[in-house]
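Engineer: The structure is given below, and queries will be raised subsequently.
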């Protein structure tokens with residue numbers, strides 16, 4: 001019998017495509033390619049949502065956007081551009097966050113299929129839960145440089161996005177940032193804090209009783225982003241008052257004791273020379289008085305503005321090629337620091353009294369400031385300085401996004417979507433796009449989907465977790481924000497204590513339980529063995545939390561999830577590893593699926609294989625080039641994981657590589 005076709009598709013499938021409603025979450029690098037693919041394949045009813053607006057930096061790969069669109073809604077412009085490919089398509093665009101309450105379970109049930117093209121873990125977690133609650137298939141995807149991945153999530157059939165625990169975002173101890181930086185990334189974080197950027201994770205030490213404050217210069221002041229010398233450093237065992245008397249820091253204009261840097265800087269008219277000497281001379285001299293820090297480390301070398309001007313009339317430049325890829329000498333970065341401070345001062349003045357600036361990697365004066373300040377600090381602590389290009393990549397938590405990677409991944413998403421709409425979910429695969437061919441000469445590696453994890457705290461039949469904390473020190477607000485929202489990805493949790501009374505500890509209704517926020521868990525009778533029922537009605541999600549009281553948690557650790565993955569899994573023995581940087585980027589992802597070597601097929605595109613099977617074992621991937629093993633890292637956090645290859649574990653960089661940083 002002849003098979004009726006519409007184009008390259010069977011007529012039944014083509015009719016299904018034109019009738020079904022699909023949701024695309026994200027209209028960025030992958031989203032642009034995906035929307036174009038969908039309408040050209042025959043999808044007619046598409047809804048797309050994205051909160052972002054178009055930036056100049058998007059134009060090199062997000063081809064639906066042009067220079068005239070900068071500052072406009074990504075979702076709306078993507079819709080208008082895609083309609084030029086297929087004017088008969090019915091596309092609805094939302095310039096909004098998918099995490100808003102109006103996009104509830106009923107909203108998701110309007111679709112036959114959801115496709116993620118997101119750039120952050122929180123949104124991925126949320127969409128995962130909404131699709132599970134609505135019982136709608138989800139295609140998850142992501143790219144990181146030349147690496148990419150597509151996987152399918154179906155309730156009851158496959159692992160969900162959260163089945164496998166992921167390493168937490170990398171944080172940096174406050175004393176390392178402020179006292180003993182050892183990697184360029186530490187200096188870059190310090191420079192961003194100095195400007196004031198709140199996107200970095202930071203592990204501050206309590207320094208409330210010490211009055212030498214260097215807060216942020218141009219943005220909102222935040223005590224948790226302190227950058228001046230940290231006298232609470234655990235390596236120290238000396239009396240700050242005694243050492244302060246020995247410090248050689250100036251008592252003149254550069255001295256900012258007992259006042260914030262922002263106030264002091266204003267009083268000096270943001271004098272670049274005084275700022276320079278304070279940051280790179282006085283504070284460093286103060287650090288040198290902390291003798292214990294330098295017994296096993298090379299001591300920092302203070303910089304003096306006048307000395308640099310005398311010795312640095314000829315600017316030293318290393319590196320060839322584009323200006324942004326050159327490394328200036330100390331004199332060059334001193335001048336760049338001065339110019340950037342003057343420019344930022346003018347920007348503040350133009351905005352009026354009480355104004356604040358927000359750091360943006362695409363804002364040249366802000367980027368100049370961070371580049372100069374970070375490099376000067378690197379020089380002080382005997383590190384090789386970095387080009388503006390390198391610092392922008394690290395400070396912006398990005399690796400260069402590759403348009404062709406996005407295009408390949410978007411194509412694979414559509415192929416998996418066709419399987420789902422054909423009723424062949426069992427034939428769906430997780431597909432990895434690798435940077436180099438594997439031993440079987442394949443760039444695209446398919447693997448069978450794993451079944452749901454019985455221990456998953458999201459998709460198990462009765463989700464349950466055990467949390468270890470100190471009930472006498474843990475505030476209700478910390479339970480809500482740090483544990484339930486940040487760790488477990490809830491949006492609006494309600495918490496009831498299983499104490500026989502049904503005591504409501506936290507309510508998502510505004511004003512009902514806010515008085516509880518400043519109280520400790522023990523104030524409500526919560527103790528070792530207590531159980532909390534947590535509901536998120538938006539996500540249609542219930543979680544049972546078992547509390548274990550513990551008084552000997554590690555320093556600066558507020559809680560632990562029992563059985564959770566460690567921040568850094570043990571590294572399997574391996575040969576010398578390749579140095580491939582795997583920072584995060586705006587199109588990164590980490591769906592939870594396993595990988596397996598593909599079947600022996602010669603086709604570049606592999607979507608089926610008789611030899612595929614799930615694999616839950618720890619796995620190394622041997623690349624043909626040199627036969628070296630490479631660790632598997634989390635594309636979002638840069639941390640190694642002990643499970644198996646997936647995009648949240650791209651081929652790793654060496655642990656000592658200065659450029660590995662956290663995503664987001």
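Just so you know, the numbers here start at 1 and follow the chain as drawn.
The backbone N, Cα and C atoms fix where each Cβ goes, and this holds for glycine too.
TrEMBL labels come from automatic prediction, so no person has curated them.
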Engineer: Labelled region 'Disordered' by TrEMBL, one stretch among 223-254, 255-286, 287-318, 319-350. Can you tell me which?
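Structural biologist: Comparing 223-254, 255-286, 287-318, 319-350 with TrEMBL, region 'Disordered' matches 223-254.
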Engineer: Which whole-number mean pLDDT does the model give the domain 'THIF-type NAD/FAD binding fold' (10-436)?
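Structural biologist: Its mean pLDDT is 80.
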Engineer: So if I draw a 10 Å sphere around the Cβ of residue 459 (Zn(2+) binding site), how many other Cβ atoms end up inside it?
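Structural biologist: Around the Cβ of residue 459 (Zn(2+) binding site), 22 other Cβ atoms lie within 10 Å.
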Engineer: Specify the count of other C-beta atoms within 10 Å of the C-beta of residue 163 (Zn(2+) binding site).
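Structural biologist: So the number of other Cβ atoms within 10 Å of residue 163 (Zn(2+) binding site) is 23.
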